[in-house]
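Working notes, beginning with the structure itself.
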Amino acid sequence: MTKRVNVGVLLLGLGVALGGFLLGQFWHPIQWRPETNVPVYTLPPSFDTEALNNRMLVSQSFAFDTTQPVRQLTSVIRRSFRRNPHPEAVLHGNAALAPVGWAFIELRNATDQPQRLVLSMPQYRANQATLWMGQRDRFAFVGTLHNNTPLGERFYPFLNYAFPIVIPSQTTVPLLLRTQFYAGFHEVDVRLSHQHTYADDAFIGSVGDGVTMVVFALLAVVALLVGGFSGSRLLVWFSVYLSTLTVICANVVGYLSLLPYPAGLALSANTVGLFCRIWLNPMIHPFFYQLIKPAVRQPRRYWWAVGAYSVVSGGLMALFLLPPQSFDLLNYGIINGMTTLTIINTGWLVVWVVLAYRRAGIWAPLLVCVLGLAPIILAQVIGFVQAINGQDTYRQITLPPFYFLFILSYLAFDEFRKELVTRQGMRRQVRELTKHNEALRRQEIEGIGRDLHDQVGNTLATALSYLGRTPLNPDKLRSILLSAIGELRFLSHNLVKDDDRPLTDKVQTLVSRFTDFAPVRLAYTDYTQGQINQLPPLTQQNLYRIIQELLTNVIRHSGATQASVQFFCDGTTVDVSVEDDGVGFDVSAGQQKGIGIQTIYKRAALPGISVRFDAAPTGTSVLLQTTLAAPVLTPSHANPNPAY
């Protein structure tokens, strides 16, 4: 009960967070309050890197005229632009609503030396950046950088937007930045650095990005090789999903922007990021299904839903094959479509990780969901509340790649470890079953050998001795030979090879064969209406062998005139009753004399069948009892009835 309450509270919290996430996705950018008294930012005497985001004035529209004096344009900007309150980024919002963003700041160098600086920002959330700097009472053009600008044509050979600026001593310089973004959420993280600091940091960042890509790719290859050689679908699909994440990382660091794209298609360096995010959503499902498979009661319906989702995602991706002009008209719908699909996908994953925990005790995906998704969803809710209060607008949060890689790898390889443990346990059980069956087979062969020697051999020896007597008694000899033939027929019927037919059919055939030659009248009735055939094959096989052994004992030793075999089923409990009207026997003595009772108990112990003997001078009754549920040969969290 406590577990259910805890899971319920967790699910409620995630639901509230997801609701906030949903509202935040579709909430229009907030109009910030104007702040005309923004002071000029005076550079510190010594610094390495400074974030300028919450020191900038921003706007989504501005009629820029380069012929106007700096003083006049600055006055217009101060009246029309708004202060960006967020210290982590300049937020413009949904690119479909704010494809162009403007940012303005005035920098003052109060030192006696000129400052050689770099204004930089990542290119992940902007397709293009243009900078103007105030010089001689006019805004001078510094440069324009696109996300696909070759490294050799940039001011610095790194995959971000970086502009060199020089601020003379005791001078105030205004900077005007224009950015464009076509698909996604438009935001830029503007930083100011000394040239040597920027070069060092950018080089280290580039090396780190390369290492991240190599680690992702190597882990994907390792997972594919291990999964392929071990036959683990879990690791194979983990490798596929990790390969997709590697492509996403390549887009984030800017590698995909440098690739050539067909000129006539909407898929380009500007839209490949949005394309990858749509592609990422359905790619998680094969891997995710391997994690929660024991909890899925109706796999067909599950895959039907996933297939429908994938078709819709594929249709959205197909729009990137349209000409660029057509794509521009659909841009707003495509962005919101991607957002909607992401929300649906997130909700689907959250619901199923909770169901996996409740139905099958699978806790690892739930833990990953809390660690991986909860920070993002919580940040979205906080951002939405701030937006309502006019403090912020929507900002898309991303996880550090190695954090995401760690939790995913832990999840995949921990489940793989459980899978290996399960396989080892199953192999051990198979070895034990094989050993046990081999012992029973040897025991049966030895029993047949004893029967041939003790029964048929002695009978034939008696017949041979009668042949040497005079006068010869043909009737007596005939009786002895018929007895030997009967014994041979009985043994041959017991040696008939079993087939894969249901238990009811095999028992019916067994009773019919024994009835052909045995003096006992046998009756067979199935009151389960075939439900007993739902037992696992191992249980059915051992029940059949036990019934065969019991009927053999009835015919040979009981002296009965009639016997019956009956099947009963009450819910999930199956009862098999074998009764006769013979002389009965002492069960404990029978075990010691080895008339087959030991074999019966051994066969019953293997699949978990309970055996109860009730022997009396007026007859013997044997009750075999088992359940329709299969023996647990899967991990502790496996679904006990995979048919649902």
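Heads up, the Cβ atoms here are built off N, Cα and C, so glycines get one too.
Per TrEMBL, the feature domain 'Histidine kinase/HSP90-like ATPase' maps to 541-602. Mean pLDDT across the domain 'Histidine kinase/HSP90-like ATPase' (541-602) comes to 81 in this model.
If you look up TrEMBL, you'll see 7-27 (among others) marked as transmembrane segment.
Counting only same-chain residues 6+ beyond the ends of the transmembrane segment (202-227), those with a CB under 8 A from a CB of the stretch are 120, 156, 158-160, 162, 233-239, 242-243, 245-246, 249-250, 253, 255, 401-402, 405, 409, 412, 416. Residues or ranges marked as transmembrane segment in TrEMBL: 202-227 (among others).
For the transmembrane segment (234-255), the residues of the chain that approach it from at least six positions outside its boundaries are 123-124, 147, 159-160, 209, 212-213, 216-217, 219-221, 223-224, 226-228, 272-273, 276-277, 279-280, 283-284, 286-287, 289-291, 398, 401, 404-405, 408, 412-413, 415-416, 419, judged by C-beta separation under 8 angstroms. Per TrEMBL, transmembrane segment is recorded for 234-255 (among others).
Look at TrEMBL and you will find 261-280 (among others) tagged as transmembrane segment. Here the transmembrane segment (261-280) has long-range neighbours at 124, 127, 146-148, 182-184, 244-245, 247-248, 251-252, 313, 316-317, 319-324, 326-327, 334-335, 337-338, 341-342, meaning same-chain residues at least 6 beyond its ends whose C-beta is under 8 angstroms from one of its own.
Non-local neighbours of the transmembrane segment (301-322) in the same chain are 265-267, 271, 275, 278-279, 281-282, 285, 289, 330, 334, 337-338, 341, 344-345, 348; each lies 6+ residues outside the stretch with a CB under 8 Å from one of its CB atoms. Here TrEMBL flags 301-322 (among others) as transmembrane segment.
According to TrEMBL, the feature transmembrane segment maps to 334-355 (among others).
Look at TrEMBL and you will find 362-388 (among others) tagged as transmembrane segment.
Positions annotated as transmembrane segment by TrEMBL: 394-413 (among others).
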Secondary structure content, the domain 'Histidine kinase/HSP90-like ATPase' (541-602) (per DSSP, counts of residues): 31 helix, 17 strand, 14 coil
